[in-house]
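Let me begin by presenting the structure, written as structure tokens, before commenting on it.
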Amino acid sequence: MHNSSELIAVINGFRNSGRFCDINIVINDERINAHRLMLSGASEYFSILFSSDFIDSNDYEVNLSHLDYQSVNDLIDYIYGIPLSLTNDNVKYILSTADFLQIGSAITECEKYILKNLCSRNCIDFYIYADKYNNKKIESASFNTILRNILRLINDENFKYLTEESMIKILSDDMLNIKNEDFAPLILIKWLESTQQPCTVELLRCLRISLLSPQVIKSLYSHRLVSSIYECITFLNNIAFLDESFPRYHSIELISIGISNSHDKISINCYNRKKNTWEMISSRRYRCSFAVAVLDNIIYMMGGYDQSPYRSSKVIAYNTCTNSWIYDIPELKYPRSNCGGVADDEYIYCIGGIRDQDSSLISSIDRWKPSKPYWQTYAKMREPKCDMGVAMLNGLIYVIGGIVKGDTCTDALESLSEDGWMKHQRLPIKMSNMSTIVHAGKIYISGGYNNSSAVNGPSNLVLSYNPIYDEWTKLSSLNIPRINPALWSAHNKLYVGGGISNDQTTTSETYDKEKDCWTLDNGHVLPRNYIMYKCEPIKHKYPLEKIQYTNDFLKCLESFIDS
């Protein structure tokens with residue numbers, strides 16, 4: 001006898017011939033011979049049963065008629081060294097039986113099989129099973145598979161077996177794999193129709209209402225399983241008062257704009273979530289110190305330097321929907337660099353900067369509306385400046401800090417509306433060259449230079465401004481001081497990356513609001529020799545947004561699933 005497997009094979013031969021068997025497992029009219037010692041060694045259930053008062057030592061039978069005979073037989077064969085023959089049809093029965101009998105190795109083998117074979121064809125079935133038997137490992141994996149394949153599953157025959165509680169969980173999840181929030185109501189309606197269950201307010205609350213198109217909101221209003229419920233109509237009548245929703249993880253693309261370390265090109269990179277890497281999707285001739293603004297998923301780059309010693313008045317753009325460059329855009333009124341860029345729903349604004357002729361600071365704010373033939377002067381700042389932070393919030397253009405006359409930083413904060421300029425609470429410290437983002441109704445700034453007099457080294461400061469209370473709050477500092485970093489908001493989180501810190505940095509950081517701390521983010525590491533200049537979350541757009549509302553709009557929406 002050379003090893004344990006040979007010994008087990010011999011004992012199995014004894015079992016098959018009935019030698020030394022001291023227990024019979026009875027399931028209805030079927031009997032399975034076995035040895036107590038073998039069963040006790042593999043099964044916690046049998047170990048307790050045979051070593052306690054549950055069964056008399058002289059009893060020769062154990063009745064397990066409440067279990068599936070074939071599963072028990074397969075598991076006893078497994079105890080005697082015969083491998084489990086698992087299929088999608090039998091694995092659930094074997095797993096639940098192994099769980100009852102507490103055969104740990106068989107449970108692990110079944111779980112591995114299910115996890116390996118999970119797909120869109122069986123994930124709902126396994127999710128319902130795991131929920132019933134409280135198997136958290138399989139439940140989590142199958143739920144994530146449902147999220148990834150949700151738009152395939154809305155026509156699956158098992159879709160109707162999901163409970164309302166499960167649908168609330170699915171529709172609430174940030175990782176729901178839809179590239180436009182309009183698909184979430186489609187998922188809800190398909191489930192309501194398959195179950196013929198009336199809608200509830202709890203289900204409607206799972207939708208990111210503020211992100212829905214008017215056509216889809218009308219479709220919800222008019223659907224019989226929604227419109228027949230008074231509470232649902234009341235909820236929809238009050239959606240104007242709901243807080244702004246954050247887009248789901250898959251409904252935006254992260255697009256970064258940067259320049260190569262070798263100073264030979266502008267690079268447009270897209271974040272690949274599956275690989276956790278940034279991938280270059282396009283590039284063009286080098287330019288730096290330009291302003292960036294995004295309107296209708298088109299990234300505009302204004303002014304700056306190219307490889308000549310002169311500042312540029314040219315404006316170029318990158319269309320993220322068509323992955324193409326746009327060059328036929330009217331030039332700025334005059335060449336400038338180190339300016340700020342923002343956009344509202346109609347216009348792109350180019351703010352301040354440095355003039356080409358005499359390197360003097362600029363106070364003018366020019367704007368351009370796509371399809372118009374030229375830029376117009378919109379307003380002038382109270383003080384000429386460059387390298388300031390700019391943000392658009394609640395219809396106001398905020399100008400934050402910057403470099404003013406004498407090459408010094410300023411702590412001024414002002415906003416521009418149709419009624420003119422308004423002063424606000426000054427920055428806690430004079431700053432310039434910081435990154436700026438609007439997030440959750442506040443303005444956040446990070447990095448740059450900060451100094452009470454002349455401009456000097458990089459900063460790791462992070463501040464937030466609350467426009468309601470007109471106050472600044474100092475947050476936890478960055479791990480790495482950065483000049484002109486990219487600051488972006490995605491999935492209700494803040495990120496900072498790139499910029500210059502003594503040398504160019506490829507690192508990024510994530511902000512934990514609850515702990516008030518920044519952590520280095522290994523998931524958004526930038527390519528080598530790449531200076532991230534700006535990062536913009538781009539919301540996916542679909543041709544359906546141009547389609548007029550009809551009674552069968554949701555059916556029309558369904559046709560865009562694979563687009």
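Keep in mind that glycine also has a Cβ here, set from the backbone N, Cα and C atoms.
Feature annotation from Swiss-Prot assigns domain 'BTB' to 21-88; the stated evidence is sequence analysis. Mean model confidence for the domain 'BTB' (21-88) is a pLDDT of 85.
Counting residues of the domain 'BACK' (123-219) by DSSP class, helix then strand then coil, yields 66 helix, 0 strand, 31 coil. Sequence annotations record features per position, and here Swiss-Prot assigns domain 'BACK' to 123-219.
Per Swiss-Prot, the feature repeat 'Kelch 1' maps to 252-297.
Annotation comment: Swiss-Prot describes 298-346 as repeat 'Kelch 2'.
Counted with DSSP, the repeat 'Kelch 3' (347-395) comes out as 0 helix, 23 strand, 26 coil. The repeat 'Kelch 3' annotation in Swiss-Prot covers 347-395.
The residues of the repeat 'Kelch 4' (397-441), classed with DSSP into helix (H, G, I), strand (E, B) and coil, number 0 helix, 25 strand, 20 coil. Annotation comment: Swiss-Prot describes 397-441 as repeat 'Kelch 4'.
Taking H, G and I as helix, E and B as strand and the rest as coil, DSSP gives the repeat 'Kelch 5' (442-492) the counts 0 helix, 26 strand, 25 coil. If you look up Swiss-Prot, you'll see 442-492 marked as repeat 'Kelch 5'.
Here Swiss-Prot flags 494-538 as repeat 'Kelch 6'.
Here the repeat 'Kelch 4' (397-441) has long-range neighbours at 244, 338, 340, 342, 349, 351-352, 361, 365, 379, 381-391, 447-455, 459, 461, 463, 465-468, 470-472, 474, 482-489, 492, 494, 496, 499, meaning same-chain residues at least 6 beyond its ends whose C-beta is under 8 angstroms from one of its own. The DSSP breakdown of the repeat 'Kelch 2' (298-346), given as helix, strand and coil counts, is 0 helix, 21 strand, 28 coil.
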